[in-house]
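Q: Once you've had a glance at the structure underneath, I'll fire off some questions.
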Amino acid sequence: MTTRFSFTLAATDGRARTGTISTPRGEIRTPAFMPVGTAATVKAMLPESVRATGADILLGNTYHLMLRPGAERVDRMGGLHRFMNWDRPILTDSGGFQVMSLAGLRKLSEEGVTFSSHIDGSKHQLTPERSMEIQRLLGSDIVMCFDECPALPATEGEVAASMRLSMRWAQRSRDAFGDRPGHALFGIMQGGVTRELREESAAALQQIGFDGYAVGGLAVGEGQEAMFGVLDYATGFLPQDKPRYLMGVGKPDDIVGAVQRGIDMMDCVLPSRSGRTGQAWTRRGQVNIKNARHQDDPRPLDEHCTCPACTGYSRAYLHHVFRAGEMISGMLLTWHNLHYYQELMQGMRDAIAAGRLDAFVADFHAARAEGDIKPI
Ligand SMILES: [Zn+2]
């Protein structure tokens, strides 16, 4: 097993890429979807179940973990991997994005951000240096730079000023991270939907030098068309030989479109969150298991899916346990959704390697256009 972090491109198809990220904690097949384990758990799933869906890596949230249970406590318990019983790679975000969403509760300066906890109102400060320290205490394998993501709507001037602040913080993050063999630090490109700002940001990050590059500031309400519009040029500003991570994306069709535009890694709470609210993601699109049309349906959610929810249970059962508020409802639907997402990623990895991604994407859209199976 390797002792260092590396990325190997195996094949490209158009702008899409497939390859392998190697870390001391295991390999990550790309394009990769990372389930989100906000509070040191992917809600409703055991770690071995998450692994069984095909996930190579999880995402943990600095903001949530620093407040509860606290980074120093996680460190005393042997680090996040041991604490949550997941021995494979973990990527942690920097806390910047979640602090942004606190809106009125945060105060921004050149030094960093001070904010009040959403849990108990206690005051905290996050700086590039503190974010690096927290992510080191957690034991994260892939550490994200501390950045600022402007709240929308923002003027182009505000987006530019925010991006340049994030670039100064990127340098401070790099300096504070230091030299940690086996661990990676990713820079985060900002610049909103303005091409020149994205290009300036990408150049500034490469000047500093990172192990991978994220596209930040998207999936914040700008819509799929605007997001794809940015990705159409933004991935071209990033080096070929480093992984590219699109943060916080997304719905299955967002993921497919991002992979077509040269993205290697993504994360989103959607499959797990949807699983707890009775929403299933399938080849044929979204299925709302709450709907009364499922109550007498003996068929599985998806007859082609090999997950436990589809091989062991009927739509009628899934409908019943959701309506009855039973915990197994969230467990089964989350498993199915994560399984579907990982199967989609595997399908794209295989298609890129075979040079037939266009045909794969055409089939993907055709199955969704057909819609869910008709009620009995
Ligand atoms: Zn399934």
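In case you wondered, yes, glycine gets a Cβ from its N, Cα and C as well.
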Q: Check TrEMBL: it lists Asp93, Ser94, Gly95, Gly96, Phe97, Gln190, Gly217 as binding substrate. Then name which of Asp141, Asp147, Asp254 it lists for that same site.
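A: Record source TrEMBL; matching candidate: Asp147.
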Q: For the region 'RNA binding' entry in TrEMBL, name the matching range from 17-23, 122-128, 248-254.
A: 248-254
Q: Per TrEMBL, which of His118, His183, His336, His365 sits in the Zn(2+) site along with Cys305, Cys307, Cys310?
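A: Within the candidate list, TrEMBL flags His336.
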Q: For the substrate site made of Asp93, Ser94, Gly95, Gly96, Phe97, Asp147, Gln190, Gly217, how many Å separate the two farthest Cα atoms?
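A: So the binding residues stretch over 15 Å, Cα to Cα.
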Q: Could you put numbers on the helix, strand and coil content of the region 'RNA binding' (248-254), residue by residue per DSSP?
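A: So the counts come to 3 helix, 0 strand, 4 coil.
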Q: So how many other Cβ atoms are close to Gln190 (substrate binding site), meaning within 10 Å of its Cβ?
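A: Gln190 (substrate binding site): 30 neighbouring Cβ atoms within 10 Å.
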Q: For Gly217 (substrate binding site), what is the tally of other C-beta atoms lying within 10 angstroms of its C-beta?
A: 31
Q: Counting across all protein chains present, how many other Cβ atoms fall within 10 Å of the Cβ of Gly95 (substrate binding site)?
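A: The Cβ of Gly95 (substrate binding site) has 27 Cβ neighbours within 10 Å.
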Q: Can you list, in sequence order, the residues of the same chain other than Asp93, Ser94, Gly95, Gly96, Phe97, Asp147, Gln190, Gly217 whose CB lies within 8 Å of the CB centroid of the substrate site?
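A: Residues close to the substrate site, other than Asp93, Ser94, Gly95, Gly96, Phe97, Asp147, Gln190, Gly217: Met100, Met144, Cys145, Phe146, Glu148, Cys149, Ser166, Ile188, Gly216, Met247.
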Q: Check Phe97 (substrate binding site) against DSSP and tell me helix, strand or coil, would you?
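A: Once the DSSP labels are grouped into three classes, Phe97 (substrate binding site) ends up as helix.
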